[in-house]
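Per TrEMBL, these features apply:
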- 17-298: domain 'ABC transmembrane type-1' (DOMAIN)
- 52-77: transmembrane segment (TRANSMEM)
- 125-148: transmembrane segment (TRANSMEM)
- 155-174: transmembrane segment (TRANSMEM)
- 245-263: transmembrane segment (TRANSMEM)
- 275-296: transmembrane segment (TRANSMEM)
- 336-571: domain 'ABC transporter' (DOMAIN)
Amino acid sequence: MFKLVKYLKPYLKQVTLGPAFKLFEAILEVLIPLMMAKLIDNGVRANNPSYIYMMGGVMVATAVTGACSAFVCQYYAAIASQGFGTTMRNLLFKKVQSFSLNEIDKIGTPSLINRITSDVNQLQFAVAMLIRLVVRVPFLCIGGLIMAMIINPRLSLILLVIMPVFVLFIYFIMSRTVPLYKDVQKKLDILTVIIRENLSGVRVIRAFARLDREKARFVRRNKEYAEASISVGRVSALLNPATSVIINMGIAAILWFGGIQVYEGSMTQGEVIAYINYVNMILSALIVFANLVVTFTKAAASANRVNEILELEASVTDNPDITEGSHSLKESAPVIEFRNVNFSYDESSEYALKNISLEIKRGQMVGIIGSTGSGKSTLINLIARFYDTTEGSVYVGGKNVKAYKQTELRNKVGLVPQKSVLFSGTIEENLRWGNENAAQEEIETAARIAQAYEFIVKKEEGFKSILSQGGGNLSGGQKQRLSIARAIAKNSEILILDDSTSALDYATDAALRKMLSESLRGKTVIMVTQRVATIKNADLIIVLDDGEIVGKGKNDYLLESCPVYQEIYNSQDEAKEERK
């Protein structure tokens, strides 16, 4: 947790002055019972109205001054905690943006979201409590104890009996509740995962008629969460009534023995009232202290989770000696080259790609085909350097991908992922993602090539039509065509379509391929697909099986020499015959 303290430096003024104002308020609070004692003894008992008005006015002024001081502290605490939270969220978001897919896969998207949101909120709350209470609580305990002993040292023996009992009871409650709180948090995490899965997979759940099963699963986990929360509640519920009993017993003892001393004349009525106020002050501060410990315990756990992200080194990084420049791809070199590449995902003992060596020339239409899990998507992820190779090298334009700045490399590649990702906003805003300065004509041309223009202009607002989150108001095929249009509008030297025509009918797929070959001459187009028809006329077809290249060449050559390609071709040819 202390590693994050440095991020409070910009708010040193608030972190310093906030507790100072709170300390001033606590000093005034400690003085008020003493003023009350004097008001009772010198004003009420002496029947002195002028003294009552004078001391009453002083007490009101003291209370108002304390309230103003507390307000300033609260204001500073809000500035520092909100600023700290904003800084942490910015840092975490920036750090996550620097991660390769390797780190994101390792930690998991839900965990990253929770750390940026709920964990930072917990830290933010802890900072506010630190400024507001970390000085006030100890001062009230110590100051109240000193004032009580000044008023009557003999009566303080009761306080010395009450306080250890009080502290031991609070310790007992905390030692039971803190582990239970952790268990509750784990149960809540599980419940959150179930909710997330059901919301994101609602169509699949309904399609498989699994609503009742998911309801039962949710009810079971929700019951476990409720039972864990009730267990915490049973223990923590003892805190207030039990501490009230201890406080009231202490007050009763003080009234008993204090009354005797008043009768003997060794103590005044006002001093008894003041003493009771100081006892309440001390014990109430101890309760707040217990809550602070719980808060900081939770914050420490959150700080560890946040630190884990901040200290995690990205596996794909830019060489600091490289300067970004607009380097065009070398005409003489292959536009893409793999040299003896092996690749395995983090913590996996098996290679996802093995002994990959290939060259792709400028302007070629390249198809990559293979069975599910053969390594097609992994191969293209290495081109854009979403992952680094385990062994071997990848070259783009005759230059090792590690010799590029990541942004420069990815500006040369227009990628359409398997799962279409669109963002809330207009269609035009989505198409401009890769090229904000694209002219309207370029946007429309990209839409025509991607076979998206027709359905766009049929919409009432055309290119200004609003998309819901994730493009939820579009069909699967429409989302794929917009994703392809966005990549084309980027006007990169390399265009990669990762099985991004799977939702298109054969006629639209054929029209798209025709437009790509006619409109993108001179650019390198790589199409990853399961359909032989999509890549049948490609200049180069790469066949993958179990992470290895088992065939390279044109369609006719592979039909004669590559059994894997023959099997895929024949299976799809048979499917066509069956459809006829």
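Residue positions begin at 1 at the first shown residue.
Each Cβ is built from the backbone N, Cα and C atoms, and glycine gets one as well.
Not measured: the values here are computed from a predicted model.
Against the transmembrane segment (52-77), stretch 125-148 shows more Cβ pairs under 8 Å than any other of 125-148, 245-263, 275-296.
Beyond the ends of the transmembrane segment (245-263), by six or more residues, the same chain brings 152, 154-155, 158-159, 162, 165-166, 169, 269, 271-272, 275-276, 279-280, 283 to within a C-beta distance below 8 angstroms of the stretch.
In this model, the domain 'ABC transporter' (336-571) carries an average pLDDT of 90.
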